[in-house]
Amino acid sequence: MGAMAYSLLFCLLLAHLGLGEVGASLDPPGRPDSPRERTPRGKQHGQQLPRASAPDPSIPWSRSTDGTILAQKLAEEVPVDVASYLYTGDFHQLKRANCSGRYELAGLPGKSPSLASSHPSLHGALDTLTHATNFLNMMLQSNKSREQTVQDDLQWYQALVRSLLEGEPSISRAAITFSTESLSTPAPQVFLQATREESRILLQDLSSSAHHLANATLETEWFHGLRRKWRPHLHRRGSNQGPRGLGHSWRRRDGLGGDRSHVKWSPPYLECENGSYKPGWLVTLSAAFYGLQPNLVPEFRGVMKVDISLQKVDIDQCSSDGWFSGTHKCHLNNSECMPIKGLGFVLGAYQCICKAGFYHPRVFSVNNFQRRGPDHHFSGSTKDVSEETHVCLPCREGCPFCADDRPCFVQEDKYLRLAIISFQALCMLLDFVSMLVVYHFRKAKSIRASGLILLETILFGSLLLYFPVVILYFEPSTFRCILLRWARLLGFATVYGTVTLKLHRVLKVFLSRTAQRIPYMTGGRVMRMLAVIVLVVFWFLVGWTSSMCQNLERDILLVGQGQTSDHLTFNMCLIDRWDYMTAVAEFLFLLWGIYLCYAVRTVPSAFHEPRYMAVAVHNELIITAIFHTIRFVLASRLQPDWMLMLYFAHAHLTVTVTIGLLLIPKFSHSSNNPRDDIATEAYEDELDMGRSGSYLNSSINSAWSEHSLDPEDIRDELKKLYAQLEIYKRKKMITNNPHLQKKRCSKKGLGRSIMRRITEIPETVSRQCSKEDKEGTDHSAAKGTGLVRKNPTESSGNTGRPKEESLKNRVFSLKKSHSTYDHVRDQTVESSSLPMESQEEEATENSTLESLSSKKLTQKLKEDSEAESTESVPLVCKSASAHNLSSEKKPGHPRTSMLQKSLSVIASAKEKTLGLAGKTQTLVMEDRAKSQKPKDRETIRKYSNSDNVETIPNSGHMEEPRKPQKSGIMKQQRVSLPTANPDVSSGITQIKDNFDIGEVCPWEVYDLTPGPMPSEPKAQKHVSIAASEVEQNPASFLKEKSYHKSKATEGLYQANHKSIDKTEVCPWEIHSQSLLEDENRLISKTPVLPGRAREENGSQLYTTNMCAGQYEELPHKVVAPKVENENLNQMGDQEKQTSSSVDIIPGSCNSSNNSHQPLTSRAEVCPWEFEPLEQPNAERSVTLPASSALSANKIPGPQK
């Protein structure tokens, strides 16, 4: 019967627990009460508020959170063994302590769990006690229970106490007291207790010993504390409706009840058993239950309590409520308190963790909790009881985390960085000063050879390339990291884009394999191409910057942290994939530059600028490759000082070296005399190249350096170009000299048509002409040479040798030509000699060219005399660009500068000079033909043949020592010339007295104005890139040898071995001057008959002017040597007696033009030049106008 009652009671208790949980969920504490219950409940709360505000003596915990108070109380009030057990949890020390009663931890700081949320491990026991109390309240408040006695319900109470231990394992003991009279008897009538002993539950009835509960002690506080305040804090869930209504309310679970707040908590305590403390801390939870009187007034009936073991309950000293709450010793300003779980009911189960930016002075102490060992005895001193103060020290500045006082960030070397930035600022200042210096010397040849705008652009880009070092001096930021890419890429594109485009321009202009003019790349065009490159780089940088800004919105930072091998951190600009792409782009661009350097390696240039640019590009490629490799591999481990030095070294090994390679040679050459380089190399200056033909010179050299081309093709191309240059020269001459158009010629239109036909010669005809020159030189050269030299001393025995001379002159003029600009001054001769093989067109062409040449004779002689004083170096073989540079200093002469370095031009000049000599001899022989015998001419011819036979073998002997000088640089020697013949001046005076040239040729008055007196030239160097003397001028050399043989007393043969005389370099120069003097003397002594000039000497007059017209195309200083001049004078005297003027004159004039056809009379071409016979003075002036003008300009010649 008892077992069934226990089981039934347990089932009812479980059911009540379930219904109570449902009721609690349906009626939460915060739900507003009904209007009927609001007033009395307000009174109950009004009565409870003063109690809550007053200190409750039953609560042993203070709200103080000071850990020092806890340590002091533990040292002063708590026994040593108990305190040691509280800190260590070692029960062996507790057994050695003696006791007379239980020990409670009362009056210690902390909050009671009853006033706040308790420990989670106590929630089960608390809920079990609350539901059991509410079950008793409902049982005692029913009608039936009120009629029954306590003895009848004893079994039910025993079953209830037993069920508490079985339902919650944390409860070690449960008890219930019951009294029928609430206040009349101090002790309860029933006292039932159930105890857990190992695996079984012991149920005891202690009603007989319940009288000890009447005494108020610490052990009975759980009963007397609830009895003293018998009015419970409970509320009626239903209205008072009498017994019937109460039963109805029971069925509706209405009535008086309690919750967790009605449970009383005792402080932790130790039980004393047999004079010693029982191991294990306990806490008692108690709650009262009430019944109803007959008048339905609540009355106290009893108390139910449970004892809970705390050995598995952790003390949280870091929390704000609970036992020992807030008693930690962590400094909240630099550390955080973190509880340690699973240690049980012991103190100090926490650790102080240093906050970010702080560290503990002892590296191996991570917290201030130290579990004491079992053999450790609590001494009772404050030092041992209290927990050691956990102090966290701040880290070094800038360190978010640290373990000790060592710096976590890399310490920068301030002095090193200051020295680097100072030197970098100095270099940037020097770069800016260099821009000003280059602009100041913008008119210098060295600066103009490279281009002022391009040099300034390179220097400006260098400033941008210097900026990354300045940016890295400061702390990295997002803006500085973006600016770093902008400065690097824009500077690289500007500097090396300009250098590469300059090399590209050299490749385009100098390495053209055709003689056709290509579009010239001026500085403006190069800048436009550079603008395209810079625009592409700028567009990429804009896109990259916008993507970086978008990444910042996605929390993708551009600035990160690196760590060195010493575990020191530093801020750095992160490297992304775009940096790799830009490095590859730089590498490919530099490879293109290296290809251009290889392509232009054979191109000569003033100051060797392409060579220095090639060195700069190769240097940039190598240094940049090393720089990017180190940067990409070691960037995250390279500290800022090393990174700054890396950028510094990269900037100066590339940018500074490039600036030095471009500027230092220019200013170093400016102090020396660069004529050697100017003579052998071509300028790259955009100004000169736009006006000169030196680019063709370089293209010819490059073409000859590649032997894959056929010389015949090059010769054909040159012939076409010469014809085009002749037209250009004539147009420019007429444009700059409008007065030349006043003297019109009836054959002018015919001459223009012939010149147009010359320029349109097909390629096949040109090749046929060149082949005929090689195959049929015996016919043309022998005949032309014989006509030239029909004088007693040179005419015989010269038919074979001139053929070889003509062939050599043609070949060497092509091989050794260094500038096609030289031929611009001599296009009249070249263009007239192009169609020589066409026998039918020669007469018409020569007449047209003679008419044009006769108009410009005086004008050319005046310009040649002026050029003699303005050009510092006579016959300097320098590039056309250098001539343009020198000619720009003399803007008053709108003419082409003097050039003479091509051997082909030198050879043609020699032949024209000999033709002029023949013309002069013709005038002399005309007056002496009547008195001369024919046999004398035969005698002189034999003498000439014998002389030439002796000269030819000696020419081979003289050729050998002169071969090493074929392409070398020869120094011009100063040669003194004899003074002018007084007969010439007398002849000129006589001519001026006889007639007034203004009356006959008023358009030539301006041309007869004598030019400035040429100053004596200094001994200067010039370049002669030519073959030996015999190869370039064999006829002149033979004549010179013959003269040396006949005039051995003068000692000129020995002088030629000691030093190179001017007669060897330019043997035609002195000869021309002597011929002009003899011509003037003959003009003054020999009268001209008008009738004879019309009838017999018509062709002779034309020939004389024709030769003079051709002579205007020669440079002013191309004259015959003195030795040959004297020889010609002797031959002229003999020719007066032996030769016939009618037979000699055509040959002498045609020899210079290689022509064999009869010429048109001058009277037919220019009939207005011949006046009636009644004007002898005018007729005389018309006969030799060119000779008169030539004599007038040649009398005040320079003394050399």
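Quick reminder: no glycine exception, Cβ is built from N, Cα and C everywhere.
Binding of glycine is annotated in Swiss-Prot for SER172, ARG173, GLU271; the matching candidate from ASP152, ASP205, ASP307 at the same site is ASP307. Comparing SER708, SER831, SER1181 with the features listed in Swiss-Prot, the residue bearing the annotation phosphoserine is SER708.
Per Swiss-Prot, CYS573 makes its disulfide bond with CYS481 among CYS408, CYS427, CYS481.
From the options 673-696, 1033-1056, 1081-1104, 1177-1200, the stretch Swiss-Prot describes as region 'Disordered' is 1177-1200.
Cross-referencing SER58, SER142, SER182, SER944 with Swiss-Prot, the residue annotated as phosphoserine turns out to be SER944. For CYS99, the partner cysteine in a disulfide bond according to Swiss-Prot, taken from CYS11, CYS272, is CYS272. The candidates are ASN274, ASN884; Swiss-Prot tags ASN274 with the feature N-linked glycosylation site. By the Cβ criterion (distance under 8 Å, sequence gap of 6 or more), the transmembrane segment (452-474) is not counted as touching the transmembrane segment (612-633), fewer than 3 such pairs being found. On the 0 to 100 pLDDT scale, the model's mean across the motif 'VCPWE motif 1' (1000-1004) is 47. Tertiary neighbourhood of the transmembrane segment (418-439): same-chain residues 447, 452, 455-456, 459-460, 462-463, 466, 469-470, 473, 644-645, 648, 651-652, 656, 659, 663, selected by CB-CB distance under 8 Å and a gap of 6+ residues from either end. According to DSSP, ASN274 (N-linked glycosylation site) sits in a coil region rather than a helix or strand. If you look at the transmembrane segment (526-547), the same-chain residues 6 or more away from its ends with a CB under 8 A from one of its CBs are 451, 453-454, 457, 482, 485-486, 489-490, 493-494, 497-498, 501-502, 505, 578.
Within the chain, the transmembrane segment (643-664) has long-range Cβ neighbours (under 8 A, six or more residues past its boundaries) at 416-417, 420, 423-424, 427, 431, 434, 438, 450, 455, 458-459, 462, 465-466, 468-469, 472-473, 491, 495, 499, 572, 609, 612-613, 615-616, 619-620, 623-624, 627, 630-631, 635. Counting residues 6+ beyond its ends, the transmembrane segment (577-597) has Cβ neighbours under 8 Å at 485, 489, 492, 496-497, 499-500, 503-504, 506-507, 544, 610, 613-614, 617-618, 620-621, 624-625, 628, 632 in the same chain.
Considering only the glycosylation sites ASN215, ASN274, ASN333, ASN98 (N-linked glycosylation site) has ASN274 as its nearest partner by CA-CA distance. Of the recorded residues, ASN333 (N-linked glycosylation site) and ASN215 (N-linked glycosylation site) place their C-alpha atoms 51 Å from one another. For ASN274 (N-linked glycosylation site), the Cβ neighbour count at a 10 Å cut-off comes to 6, with all displayed protein chains included.
In this structure, the CA atom of ASN274 (N-linked glycosylation site) is 21 Å away from the CA atom of ASN215 (N-linked glycosylation site).
Neighbour count (other Cβ atoms within 10 Å of the Cβ, all protein chains): 10 for ASN98 (N-linked glycosylation site).
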